[in-house]
Amino acid sequence: MTLAAAAAHPGFLSPTGVEIAFLLVGLATFGAAVITVTTKQLVHAALWLVVALGGIAVEYLLLTAEFIAWVQVLIYVGSVVVLLLFGLMLTKAPIGRSPDADSGNRWVAAAVAVTAATALVWVVVDAFRTTWIDLEGPAQGSTDATGEFLFRHWVLPFEALSVLLLAALIGAIVLSRKDRAGTSHREDKR
Amino acid sequence: MHLAYPTVLAALLFCTGLYGVLARRNAILVLMSVELMLNAVNLNLVAFDVWLRDALHSGQALTLFTIAIAAAEIGIGMAIVLAVYRNRGSSDVDRLRDTAETEAAETLPGDEDTHDAEDQATAPAGKAKKAEATA
């Protein structure tokens, strides 16, 4: 069956236009991700993260998941990166190069990452060597389809998630407010 | 499209994030690397959902939920990092070795010598001065 599927599809040597676009955007995304975790300038890391996350949004578009692509742009590029930049500035991150951005065990970390990447890529390529995604037909992640499956089959998790977001909001406020009563209590004890 | 393209890209992005989490010293850069790992998982979810043509579209629904939970996680994580920075004056994860808010934990390992040289009576005063400075 797998051989028949392999015979019915073109191989690696004749990639389609979507595959070429996916490969090029994927290379840009991976490069931006590598720069994000290796650059010594902290603010540049956040800006390269924008490139990586935007590249992933383009990959979602190429996989016909349009709604998720725009959600990715809105939430990750729009708010998460801004939050990270605010965090960098609030912790007085140096603007220029900071030589101690990486800890001393970076070579161990690199070895672990390369080993994990080798194992994962090998297993994945071996497992899905003869598997093709059929991107023909109507887009599977259009806003129409997304709204239908989200509010027909996933309503309860959706509402539970809104409660979780509320809890996270309150938790962040509690964590970040200055606890004046607690501070004075500690001073009294001292 | 061959399924190997998105899955290999997701594996590489995940390992990039893994390297970042293990090698970075600043806590905010660690959070960025965690975001990369979450995005790799999202890419896998979307690719498998589009491949399997699931009637419930579990992959895409779970991707949306993962994005929302990642937003909550980054908010809480940033609040924790800012609280730690306010209390300890640093957000370098490998220099924060104490889990308790003790007097020794308030000073970084780098300036332990000056802390030990100080008289024990002046140490709380120094800490109070720092609390005033951050308030």
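For all residues, glycine too, the Cβ spot is worked out from N, Cα and C.
Nobody curates TrEMBL annotations by hand; they come from automatic prediction.
According to TrEMBL, the transmembrane segment annotation covers A:20-38, A:45-63, A:69-95, A:107-125, A:154-176.
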Subject >> Contact yes or no, the transmembrane segment (A:69-95) and the transmembrane segment (A:45-63), 3+ Cβ pairs under 8 Å, gap 6+ >> reply: yes
**OP:** Report, as numbers and ranges, which residues of the same chain sit near the transmembrane segment (A:154-176): CB under 8 Å and 6 or more residues beyond its ends.
**Re:** none
Original post:
Is the transmembrane segment (A:45-63) packed against any residues at least 6 beyond its ends, judged by a Cβ distance under 8 Å, and which are they?
Top reply: 18, 21-22, 25-26, 28-29, 32-33, 35-37, 39, 69-70, 72-73, 76-77, 80-81, 84-85, 88, 133, 135, 141
